[in-house]
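Visitor: Pulled the feature table from Swiss-Prot, pasting it below:
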BINDING   168, 169, 170, 197, 238  NADP(+) binding site
């Protein structure tokens with residue numbers, strides 16, 4: 001029996017509808033419009049595509065949106081200077097620097113330069129530290145892990161007491177979602193095993209899991225025989241495996257062998273249309289929350 005498809009586009013739309021109401025309340029009650037700046041260095045096609053989607057969504061929600069495109073030759077010092085300018089701009093509540101950056105720029109230094117209270121991507125060390133502490137300490141959740149957790153919650157996937165395997169230990173997805181799923185509350189209280197390329201017995205771990213989250217960056221890495229019947233499978237991978245000359249678009253594959261795994265799993269996310277749309281929705285939610293937060297500063 002084929003798995004139920006977790007439709008990230010539909011869940012994204014319901015979240016954006018909720019945010020439209022919050023944006024309207026901000027405007028009506030406080031005359032405040034959420035402000036988001038997206039900083040793009042160079043013209044990397046994938047980065048340009050991602051930024052365009054983010055800008056489009058922000059405009060649809062009624063944000064004050066600034067697109068700041070910079071040449072690939074910009075220096076690290078100049079880029080940090082631009083960030084500091086937006087740190088001090090009261091009309092800007094969220095600062096997004098699109099990664100990757102050119103090799104001559106230290107990404108860590110750039111991300112550290114963002115005001116933690118405007119770090120709507122949730123990558124600043126201070127916000128990652130708040131995530132570890134949990135509870136009321138949390139300011140902004142990293143967008144992709146937050147999107148994964150929201151998919152689980154809104155798809156009625158029980159995490160309380162669940163055995164979860166996260167494949168991948170990146171600071172962007174694997175580590176944060178592992179922490180979030182072990183915290184107390186809705187979408188948490190799980191028992192999490194984090195595995196990676198150096199782990200032994202990855203297959204055995206996955207076969208015991210109620211939920212498998214694949215964020216390893218290898219096309220079709222997770223096989224059907226790895227999955228316990230009825231388990232939930234979340235595919236974070238977006239891998240370009242070819243190019244469709246008829247449509248002019250890249251051919252994408254996730255980290256999961258979708259065709260075969262979907263015959264075993266109970267629920268599964270597709271690629272595209274699963275986790276990806278949720279990442280942008282969580283960025284928008286963080287920006288709205290930042291606008292509310294700045295009312296008290």
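Each residue, glycine too, has its Cβ placed from N, Cα and C.
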Visitor: Taking the binding-site residues one at a time (170, 197), which has its Cβ surrounded by the most other Cβ atoms within 10 Å?
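Guide: Checking each of 170, 197, the winner is 170.
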Visitor: Near residue 238 (NADP(+) binding site), which residues of its own chain have a C-beta under 8 A away, given they sit six or more steps off in sequence?
Guide: 252, 254, 271, 272, 276
Visitor: How many Å separate the two farthest-apart Cα atoms among the NADP(+)-binding residues 168, 169, 170, 197, 238?
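Guide: If we measure all Cα pairs in 168, 169, 170, 197, 238, the largest is 18 Å.
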Visitor: Which residues of the same chain, at least 6 positions away in sequence, have a Cβ lying under 8 Å from the Cβ of residue 169 (NADP(+) binding site)?
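Guide: Those within reach of residue 169 (NADP(+) binding site), by Cβ under 8 Å and sequence separation of 6 or more, are 175, 194, 196.
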Visitor: What is the total of other Cβ atoms whose distance to the Cβ of residue 168 (NADP(+) binding site) is within 10 Å?
Guide: 24
